[in-house]
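Features as listed in Swiss-Prot:
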type     : residues : note
BINDING  : 124, 128 : heme binding site
TOPO_DOM : 1-8      : topological domain 'Cytoplasmic'
TOPO_DOM : 30-146   : topological domain 'Periplasmic'
TRANSMEM : 9-29     : transmembrane segment
């Protein structure tokens, strides 16, 4: 094999090796940062790893919200109407957080089966529309109708 051709081949192989290693590192980073969504039924059935950060969605069970007096600690239960998951959270809850309403909680399941939440997201009704948007649509409708 000609020395120039051999050198080119080595450079191409080295480049491919670098691309392969970089691709492997990127895929590994993506996999470790994925947050999977689960239901309370899946958690109760033991289908969830306790060492991963997960998201759990459902309704806040009526009568389950317990706030620590003078503190930010809250305990509540999320249900999908079939099974329930107890949640522990320390922080300020969203304004739309209410019993009987939808919520998505992110955190880790402890060995005791309680979800230690790091983030609580309150879901609003799919028919909800901010007042400003409703006013704008109404004004647009009036100008079109005229």
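Cβ atoms are placed via backbone N, Cα and C, with glycine included.
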For the topological domain 'Cytoplasmic' (1-8), the distant same-chain contacts (Cβ-Cβ under 8 Å, at least six residues beyond its ends) come to none
Using a Cβ cut-off of under 8 Å, list the residues of the same chain at least 6 residues beyond the transmembrane segment (9-29) that approach it. 1
